[in-house]
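*Asks:* Take this structure, written in structure tokens, and hold onto it; I'll ask about it next.
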């Protein structure tokens, strides 16, 4: 005989089913509302944008939520144990770096990076870009603008890529005026992610890859890889090029540069032909566990947020440590304190090796100069200079990637460890050269305990540099901005 449900059990089952249907209805309704709001955003644009629109404020008319969070990249109120979003004078913290960059503009000025909204201001105020008083003077090429503004692809389209690169930095001061923003990463009509800089596309092509076949998730990293990479200025035309032809590793790129017989500069003390790493964030991140598991840059640096029923990417691009609840804890269940300390532990270990490497490498440069002064020959110094080049390339590659100690901690420690080994080998090679010239005592070391003392030691006239920059900022930059406003390059909303 079949067992019948009691009356109250039937009613309980009925009510439970109704509750499930009700909840599902709410979920579907919420999803439909979100979709409707998303469609509404695209169908009710206040401004029709076509072509390359460099003025971020114009995009803000159509996408106010994204725009308002992007403006927060102007903030300088976050600080972690090793990084943050305010400009900190790294040369003041680590005066050995002045010696490592002797003969190169970075020995004058190097600070931690601020947010994207400061891109134009920071490069304009940097002592590295000099004080050009006209379109034809100054120490830097216009290639230095490449990653600073959506005005760059606009200018490339207008005058050609080669012509853009093959100019002085000061030549486009009145054109490159809007900081890193919307058009750098998005198509204007549908906001689809796109590649706006030629170097990344060209690097893929040389590897036999079609970047247009990248998945949407891959694009959430590749738009960052347009700039957060290692690159160099190739040839007299200063053509921006990624040295990826042999691979992503520090050894692969070194082999590429060696084959091309390339050096960024000749060191003022040691005479070593130095490679200056830029910021190989993308390459190093690809060697880490997160990228290998399919996590993109935007997943951690631009997490989703909800507002008014609308889900969108937070365009306040910053360290995930500033918002652990929306980044790390989306996947990891540990406490904020535990996760933060996990990051710091990796960074502390890498920085321990970094500090030792900087000290040994600075001594190697100083000792090499001492050997030259004692009459060393090119043949005698060849091995030491090769080792110095290799050591400094590994140091800079590891240090220039600001998040490398977290993105790929094992790889960063390997790179810095190899750099330290080569720096010590260089010092040993120099000691043998000195012995050949009858010198066996310790090489006297200058006082480079502060940035100012180190800059004086390598022969910089910093007062002259600052005075020239001050004049440039007070006379030339206002002219650039006035011309930009007159030509409609800055928004008037």
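Think of each number as a place in line: the chain as shown, counted from 1.
Each Cβ is built from the backbone N, Cα and C atoms, and glycine gets one as well.
Note that the coordinates shown come from a computational prediction; the quantities given were computed from them, not determined experimentally.
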*Asks:* Name the one residue among 186, 194, 407 that Swiss-Prot lists for the same heme c 4 site as 297, 300, 301.
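*Replies:* Candidate listed by Swiss-Prot for the same site: 407.
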*Asks:* The heme c 2 site in Swiss-Prot lists 182, 185, 186. Which one of 267, 279, 290, 315 belongs there according to the record?
*Replies:* 315
*Asks:* Can you name the binding-site residues among 116, 144, 147, 297, 407 whose CA is within 10 A of the CA of residue 279 (substrate binding site)?
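*Replies:* Those near residue 279 (substrate binding site) - Cα within 10 Å - do not exist; the answer is none.
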*Asks:* Could you say whether, by DSSP, residue 301 (heme c 4 binding site) belongs to a helix, a strand or a coil region?
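*Replies:* Residue 301 (heme c 4 binding site) sits in a helix per DSSP.
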*Asks:* Using a 10 Å cut-off, grab the number of neighbouring Cβ atoms around the Cβ of residue 116 (heme c 3 binding site), all chains included.
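*Replies:* Cβ-Cβ neighbours of residue 116 (heme c 3 binding site) within 10 Å number 21.
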*Asks:* If you measure C-alpha to C-alpha, which of 144, 147, 148, 297 (binding-site residues) come within 10 angstroms of residue 227 (heme c 3 binding site)?
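*Replies:* Those close enough are 147, 148.
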*Asks:* Should any of the binding-site residues 224, 231, 276, 278, 297 have a Cα within 10 Å of the Cα of residue 148 (heme binding site), which are they?
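*Replies:* Cα within 10 Å of residue 148 (heme binding site): none.
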*Asks:* Cα-Cα separation of residue 300 (heme c 4 binding site) and residue 276 (Ca(2+) binding site), in Å?
*Replies:* 28
